[in-house]
Amino acid sequence: MPATSMEELVSLCKRRGFIFQGSEIYGGLQGFWDYGPLGVELKNNIKASWWRANVYERDDMEGLDAAIIMHRLVLRHSGHEATFSDPMVDNRKTKKRYRLDHLVKDQKPDVVAQVAEGIGESVENFAAVVAALVAHPAKAAEVLVAAGVRDPFSGEVGDWTEPRPFNMMFKTSIGPVADEDSFGYLRPETAQGIFTNFKNVVDSTSRRLPFGIAQIGKAFRNEITPRNFIFRVRELEQMEIEFFCTPGTDEAWHQHWLEARLAWWEAQGIPREKIQILDVPKEDLAHYSKRTYDLMYNYPTLGYEEIEGIANRTDFDLGSHTKAQAELGIQARVEENFDSVAKLTIPHPETNKPVVPFVIEPSAGVDRAMLAVLAEAYTKETLENGSERIVLKLKPHLAPIKVAVIPLARNREEITSVAKAIKAKLQSLGLGRVLYEDSGNIGKAYRRHDEVGTPYCVTVDFETVGKGEDPALTDTVTVRDRDTLGQERVRISELANWLQARLR
């Protein structure tokens, strides 16, 4: 069965070199994580699978890698300067700060109910409770104290301030002079780089509607309370598509991308029945969204949380960044833009008249994807002899190590030389990482590779080099299957094809 607690995953990730705390030798830095030898392989494999499915295997997609630091005008006209914020409260007693919705949600049910009652909303509609607290800050401070909202740090009822917005973008100075005219932002999402490069991509590729632009890259959000391992972090990586289509076809494309993304998650080992589709209520939609589907995965300990959002952003984004807005018939409500120097239109495929396209955006976080893949693959099994093993039943294309080549005797040159030659041959096939494993104890090596998700272990033994009891086994190796524990003798000359057929 999959992992049932976050602690199991955290322990495995630290022990086996998937994920480490950022800046750990100096006490760590909250909200920042480093990916170790196996973590970087798994992360890269997830990204490669996404890129292959959405760029290489489609005829309507282009790729992009935009800059991380953005001109502040980009994020002003996108709405981020004004709206990219979370409500924050302080406890005057402990001097700790918390994101309001997280603080209330984590209280005991009776306390949450008292907060809802105090602010005049139903406890069944938590979003409305938070919205009311934000809308009435003075009353909110009184309600939090009266309801007995406790500080997670001290465990005592806090002396809470009025909620106030906290903008989550990281500012940075650009150039040698640090003043108000020289600052920019670390991008809070990868999407804006796609929108600002829309005309460049269209002009350089001669694309016509419908088509998309895909990007994988880092984004930065100064979360008030980062938590839950790599689920909510301050430095994250996104896999985003902005799919441009003719107004009026957007709803059909929205459904298309919902199905396409569900199919991709299933191919990563997360069945459709493990994902809930949340049609986000109108009152909870982002300022740019006409309709959004949130794909919700049942994370251990956390419960159902968003793993991907698929939004119909209408013509808001290109309409916000284009010049000559008044003459383009933009349907979304956008702020006036007298700063842009580009007209972000494309010929309508039927009328050939300039049109500002609608946008469908599938947006997934690499870190959350990795956490879900690990949680779903994590399995505890009781073997016939009563012992327990932990195995990561990762899809082969995601496994950090594809094959481990193990010499049965690491001090016998005739065996190790064959094992090293096999490793070199398999590595040259382009399957992914192949590991030469000479730790000594074959049983422990098998268990270790079960735990990190290696699909196959290839053992070179005395029979392989013609020093066993059965001459027929010369030039063969034992291949062990991670999931079935089955073992099969395969001729060295056939090994590459045997593995390629199972790992592709």
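Heads up, residue numbers simply count up from 1 along the chain you see.
Any Cβ shown, glycine's included, is placed from N, Cα and C.
Listed in Swiss-Prot for this protein:
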- ARG99, GLU189, LEU236, GLU237, GLN238, MET239, GLU240, GLU361, PRO362, SER363, ALA364, GLY365: substrate binding site (BINDING)
- 221-223, 231-236, 306-307, 365-368: ATP binding site (BINDING)
ARG368 (ATP binding site) to PRO362 (substrate binding site), Cα to Cα, whole Å, comes out at 14
Between the C-alpha atoms of GLU240 (substrate binding site) and ILE307 (ATP binding site), the distance in angstrom, to the nearest integer, is 13
ARG99 (substrate binding site), DSSP three-state class -> strand
If you measure between the CA atoms of ALA364 (substrate binding site) and ARG232 (ATP binding site) and round to the nearest Å, you get 13
One finds that other Cβ atoms within 10 Å of the Cβ of ARG99 (substrate binding site) number exactly 22
As a whole number of Å, the Cα atom of ARG99 (substrate binding site) is distant from the Cα atom of ARG234 (ATP binding site) by 14
Binding-site residues ARG221, ILE307, VAL366 vs GLN238 (substrate binding site), shortest C-alpha separation belongs to VAL366
Expressed in Å to no decimal places, the gap between the Cα atoms of ARG221 (ATP binding site) and LEU236 (substrate binding site) is 8
Reduced DSSP state (H/G/I helix, E/B strand, rest coil) at GLN238 (substrate binding site) is strand
CB contacts under 8 angstroms to GLU223 (ATP binding site), restricted to the same chain and 6+ apart in sequence, sorted by sequence, are GLY31, ASP86, ARG99, MET168, ARG232, VAL233, ARG234
Span of ARG99, GLU189, LEU236, GLU237, GLN238, MET239, GLU240, GLU361, PRO362, SER363, ALA364, GLY365 as binders of substrate, largest Cα separation rounded to whole Å, comes out at 27
